[in-house]
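Working notes for the structure below.
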Amino acid sequence: MSDDADTSPEVMLRFYKMLYPFQSIFTWLNHEHTPTKLFTHREFAFTLQGDVYLRYHSFNTAEDLKKQVCTLNPTRFEIGPMYSAKPRDKKTVRSAAFSPQRRELVFDIDMTDYDGVRTCCSAADICSRCWGFIAAAVKVLQSILVEQFGFRHLLWVYSGRRGIHLWISDPEALDLTDDQRRALVSALTVVEGGKEMVKKVNVRTAKGLPPLLWDALDTLRSAFGPLVLDDQDCFSSQEGWETLLQLIPDRPIVEKLRNEWSQDPDRPSAQKWEELKDLIHKKKTDVQSRLKEALEDIVFQYTYPRIDAEVSKHRNHLLKAPFCVHPKTGRVCVPLDPNHIDRFDPRDVPTIGQLLRELNSSTSRGEVAGWEKTSLKPYVDLLDRHTMGILEEVRIMKRNNTTW
Amino acid sequence: MFRHSEIKNFKPQKRTLTTSESASTAGEYPYRLNFYERPPLFEVTVEDFEECAIDRLRILAEIESSYARNRTWEELKEVTGKLCRKYLHLNSNQTAIGHINSQEQRKRDHLGHFVLRLAFCRSEELRRRFVKAETTLFQVRYEEDDSLERIEFVNSLNFGWTKVTSADEKGSLEEELKALQVKQSTSSDNYVKVHWTKVPDLVAKRRVFLRGGFAYVSSQEISSIIFHEFESRLEKALEHTAKMLPRMDEDTRLVPILNNLSQGFLVGIPSEWSSAPSSGDEVRAEMIDDMAKKHFPLCMRNLHECLTRDRHLKHFGRLQYGLFLKVLGLSIDEAIHFWRKSFSNLTDDKFNKEYKYNIRHSYGLEGKRANYPAKSCQQILTTDKPSVGDCHGCPYRHFSPENLQSSLLTHYSSQGLDTTDLHEIMRTVKDGHYHVACTRVFEITHGRKGVKKGDGIGGGESVTHPNQYAARSIEIEKEQSQEGTAMAVVVD
Ligand SMILES: [Zn+2]
């Protein structure tokens, strides 16, 4: 399938010319059909062949953007904030008059941050098995951000290889200051500390687990068994179960299990977990509740979303545009439906080679856009439906403002 | 203190500044607390302009030094409250004797705040420190405010929150809300609902319950919203003022005042000790040596030692020490006697010709006959930096760490300071809090007389003037000897 992973300049140029949904991207960023500052003052950055990086481009229309993309033929491009002036005029305006104003609240989750817990792959690799961690992350974040923070317009986008991006386009999300973004990220950050830190979850207060994480715990509890115990079998190796035992604050239990497991190391993780739970159940009530909390913290440590905080904290952070092509895999960064996230398999994502073949063999003619004739269509439709929700809300907001 | 020449330039002129075209109306300050949203709209004299600012600055500087000294919140509150009553008292509506009186107090509070905004908007660092100190002052006042008036004030702010009143709503969230309570309290506990973006601090710490973008904040945490709002509004206002300031700078009358004010914040509270000692006890030349050992701060002990050792002091050293001794209570005759005896290498003729005039001058008996005040810590810290061979200045700032440590041990080990104290003192010095270090030394060396850490030179105040240091030390000794007498009487 070397054909599928082909991202040569010629192939890329054809993709931009024939397939990339510029109009859909424009409307999604712009919140209206006619260009607003949300588009015209928006920064675009281009990565060209040979890793040349061009920043502070901006465009008046979707057509302008398309023209420039086809001229530069970048390997990918990124989207930044709406500035107080047009980014392309940056050199001619006073620096005080050039600052980021509005920006989607964005998140980036990358599989490499799970290297300590996943056993199937490492580094840049990703398989359908490790996708389980991403799926758990999506469910948890979707629930907290919608139920608790009240956001309504969330777009999840596959990052093309080993992770997922989230773009939140609610008007209130766009208005968040860096301070508010920092506060939100810090509330959502649960797994902390590098390799040297054994216990990475420290979120409890004197009153127990904060309500913010109650639903997350329920979600992750049900994900933990199939994902961590059955599929990843995280406690099968000695290194794996040693890590687990280090998180149990009860010496007799730890010593008993270490002894048993080193004599019979092949017990599957699920069995080891059950043995651990059984021993805890035999403890006195007060000790038991402390140890149950330790188990909950282990669930968090293995499955709670690991967010790249820096991406979310600052308005001026750039993030790769949806529908770009990953240069290594040739896969398109397509939007995903969070309700079907469990069924998603990265290997099913259309590649640029596949799409161009579909386009060639398509028999449909007429005025339709190129992507409509390919398997890219359901993904663009997903974005368009999402955008309609934003447009509707902005329209109602505007109407209310004028009648008042 | 501020250089007097500059202030004098203003005084005779009695000019007024207009901060805005429109005049104020009576009863403009319905509450004791103020968010300072509108600039003062009244005419002020240059004197008022400066005085209100200095009084406020004393309080803010003490707040800063409380942080540097790691005071607990209760201690900070007490010290700040005491200073407020002294310099910037604000009556509640309840306690206001006359309505006009409280309006006048609040007007001064309003003016002082805005003058200091002008002085402290100039750099990022000053802005940060000012915001912290002002927010703390607001917090102190908020906590000691009459609870009814506080509620009225809070309601006037319009933060866009709603009270959670419906029993249904409260009931359905009961479990979540209970998990957040600081203290176990009854179901009658009040909550307000506010958009989460208004309470980022509480959100970051997961201290609120969130639903649909709204944070449920318990009454115990409502103050957190208010303080955050105060802080963030002030930050924005200061940045705005900084942009407007270039126009202000054209007013040459104000620039030196503003510069002095921001300078004062950097090195401690300006304080003045030009008055004669209240005790009326005369200080005689032969008493100085003994007093120095018992009561003088390190700068003066150092000067005294240099004088004894070298039988001479250079110009700035004579000035610093001479004015200090004058304010301590040394009369002009005793001063001439003291200096004559100290400069024992000089002939009478040379002394009379070269030094006597200067001593009389400093007592206001020659030249323009000005009554020169003794130098404050601020002046000692910032003016006439000592060079090689000079003994004046502030040892905490101007000595090398090694010399400072050995000097501290030499001078104060007999009064209870030992090597274990040095670490704390040197750390404070390293952070640039010289007056805090000096205050700590005062506390240590008066520990045997019952002074505890945090007491400072009385009421928790920090040292801002060498004479204040010495005066307090003498006072403590006197109190103790009086207690001793009283005891003796009882025993009799
Ligand atoms: Zn994998």
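FYI, residue positions are counted from 1 along the chain as it appears here.
Yeah, the Cβs are placed from backbone N, Cα and C, and that goes for glycine too.
The shown structure was predicted, so the numbers you read here are calculated from the model rather than taken from an experiment.
Here is what TrEMBL says about this protein:
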BINDING   B:Cys299, B:Cys377, B:Cys394, B:Cys438  [4Fe-4S] cluster binding site
DOMAIN    B:290-469  domain 'DNA primase large subunit C-terminal'
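Features as recorded by TrEMBL, highlighted on the structure.
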residue  : record                        : Cβ within 10 Å
B:Cys299 : [4Fe-4S] cluster binding site : 26
B:Cys377 : [4Fe-4S] cluster binding site : 28
B:Cys394 : [4Fe-4S] cluster binding site : 25
B:Cys438 : [4Fe-4S] cluster binding site : 27
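Other than the site residues B:Cys299, B:Cys377, B:Cys394, B:Cys438, same-chain residues with C-beta atoms no more than 8 angstroms from the centre of those residues' C-beta atoms, the [4Fe-4S] cluster site, are B:Pro297, B:Leu298, B:Ile380, B:Leu381, B:Pro395, B:Tyr396, B:Arg397, B:Tyr434, B:His435, B:Val463, B:Pro466.
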